[in-house]
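Undergrad: Annotations per TrEMBL:
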type     : residues  : note
TRANSMEM : A:7-28    : transmembrane segment
REGION   : A:46-69   : region 'Disordered'
TRANSMEM : A:88-110  : transmembrane segment
TRANSMEM : A:131-155 : transmembrane segment
TRANSMEM : A:175-195 : transmembrane segment
TRANSMEM : A:222-242 : transmembrane segment
TRANSMEM : A:254-277 : transmembrane segment
TRANSMEM : A:297-317 : transmembrane segment
TRANSMEM : A:337-355 : transmembrane segment
TRANSMEM : A:362-379 : transmembrane segment
TRANSMEM : A:394-419 : transmembrane segment
Amino acid sequence: MYTLSNRLRLFSIILMVVGLVGLVIGFADRPGSIEEVKEMMAAHDAHGGGHGEAVQAASHGESHAEDAHGGDAHYEHILHQLQNKPWASLYIAAFFFFMIALGVLAFYAIQFAAQAGWSPVLFRVMEAITAYLVPGGLILFVILALSGFHVNHLFVWADPEVVAHDKLIQGKSGWLNGTGFIIRAAIFMGGWLLYRHFAVKFSRKQDESPEGNVWYKKSFKIAAGFLVFFIYTESMMSWDWIMSFDPHWFSTLFGWYVFASLFVSGITTIALITIYLKSKGYLEFVNNSHIHDLAKFMFGISIFWTYLWFSQFMLIWYSNIPEEVTYFITRIEDYKLPFFGMLVMNFIFPLLVLMNSDFKRVNWFVVMAGIVILCGHYIDVYNMVMPATVGESWFIGISEISAVLLFLGLFLFVVFRALTKAPLLAKGNPYLEESKHFHY
Amino acid sequence: MASKVIHALYIDDDVLMDAVKKVRAEHYHIEEIFTPFPVHGLDKAMGLPHTRLAITAFMYGCVGLTVAILMMNFIMIEDWPQDIGGKPSFSYLENMPAFVPIMFELTVFFAAHLMVITFYMRSRLWPFKKAENPDVRTTDDHFLMEVDAGNHDVNKLTSLLGDTGAVEIKVIDKEEDNH
């Protein structure tokens, strides 16, 4: 049995408190009026020194042009972007940690559906990570409900004023409306949580009464059913929760793209937590071949993610249709560093670091690659959400970092507390012996 | 000079693996093992050095990538630039996304083909080569372990091999030049 050390508990609680305080500051710091935005920008330009003057001159020219059109439209735009920013960073962090747990849930179900022999020694780690789906899902659901009913301005389709002047969104409003959005979110999350509940229950029952593998067979059936449900709902979830930030734009492989991202993040998290537990002297039955296999998945799914990223990018880049290509133009013009930095972190780095077979068994190599992959996929979500919500007014500031700390603290607290609830070895699993003796 | 080897035949890969471990534990030298299919972990059990094929594959992949870049640069940028889809071909970097599929394919193509050719050359396999395996049953369902008898006591060695589960043991006087 695993016991949660006081240090880890304290660490996660400190993360949550610091994150919460930072978020409150982030929300309180939002500019309340156009005057404040002007002040902030003037102060910012002054800090910039000589370089800033040119910018200021340029923006003067712009504002003169806009004055003719009716005053402070430009500053009002920036005001709305900055007011959105803490909400968007809260949303990104909430979604990112939720998607890790969801990716692990899918990976767990695949192990059962495929009757995998190598992985049963890792099942309890996976079950513990999916425990985060409950609190993480509730928080995300509340944020989604607030956004869907236009308490904040994250989704432009939720703003009746915008929709009234927008033919394209009007045409999509049968799908993109607050009520439908919430009902769908409830169905998606309800289904995932239901599977999680029964999968964990069956796994524990199998430990108690392994004769005849009655519970194992139930796990198999429910896993296969869940995977069918999952791949449909995950795809729709990606349209609703991510793609609808840019309601004019669409990509037909977006569901797969988000899936690759959450899958690789989930697998990476399994590897990181397994290595952590092993370093603390638990999981003595996990050998370096298991770590090797997890690292192979990290490597492979990183390549798969790149394949989907490129498939989406190249077709849109090549055809150059204005309504499609605008998505990448905003990202390349305003988000150059995160956009290309993410490619380096999610593709080139894991490709080079994890290519060598021997490196996949060196724990610190896997940890290092894993941390970079997780940061890279956070930035991936950031790139999907921020351009549509805060536009060019982005920077990684106090609210982004605090939101990540808050959810990281919650994630660690929930996951490691869930680990204490059951023995670390799923001893009733029929493939356990094969898994223990797994060697590459 | 003739050297003495012992051929021990097995009919199960698990028995063979155990036998390899036992024979090596007794410090006998295993010359070669002939199997009808690749036996997982046999190379480690025999103590063979790690293959360097993976390193060559990486280098061949780099060669393929370079060839693809140079080739596309010559064809599409230098030799015959065209304006395709409003993207005039004046710079490799700006048109790079269009060349990625070719870069990827040639990387894989070079790595795969040259790796196979290297593997054949390294294992001394080429068309019309005479088969080296001493017993045709190793191409069907038998596993043959060739142990160097050298200066060892042949009787002791054969009884050891018998204990490990060999179904047939033969002592062979092998000429140096018979293959």
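Just so you know, glycine gets a Cβ as well, placed from its N, Cα and C.
Predicted automatically and left uncurated, TrEMBL annotations should be read as such.
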Undergrad: Counting Cβ pairs under 8 Å that sit 6 or more residues apart, are there three or more between the transmembrane segment (A:297-317) and the transmembrane segment (A:362-379)?
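TA: Yes, these stretches are in contact.
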Undergrad: Please work out which recorded stretch in A:7-28, A:175-195, A:337-355, A:362-379 has the most C-beta pairs separated by under 8 angstroms from the transmembrane segment (A:131-155)?
TA: A:175-195
Undergrad: With Cβ-Cβ distances below 8 Å as the criterion, list the same-chain residues six or more beyond the ends of the transmembrane segment (A:394-419) that contact it, or say none.
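TA: Same-chain residues near the transmembrane segment (A:394-419) but 6 or more away: 2, 4, 8-9, 11-23, 25-27, 29, 85-86, 89-90, 92-94, 96-97, 100-101, 124-125, 127-129, 131-132, 134-136, 273, 277, 334-335, 378, 382, 386-387.
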Undergrad: Do any residues of this chain, six or more beyond the ends of the transmembrane segment (A:254-277), have a C-beta under 8 angstroms from a C-beta of it, and if so which?
TA: 2, 96, 99-107, 122, 125-126, 128-129, 231, 234-239, 242-243, 283, 286, 290-291, 294-295, 297-298, 301-302, 304-305, 308-309, 312, 346, 363, 366-367, 370-371, 373-374, 377, 380-381, 415, 419, 424
Undergrad: For the transmembrane segment (A:222-242), could you work out the same-chain residues 6 or more beyond its ends whose Cβ comes under 8 Å from its Cβ atoms?
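TA: Distant Cβ neighbours of the transmembrane segment (A:222-242) are 95, 102, 105-106, 108-113, 144, 181, 184-185, 187-188, 191-192, 195, 198-199, 202, 254-259, 262, 381, 384-385.
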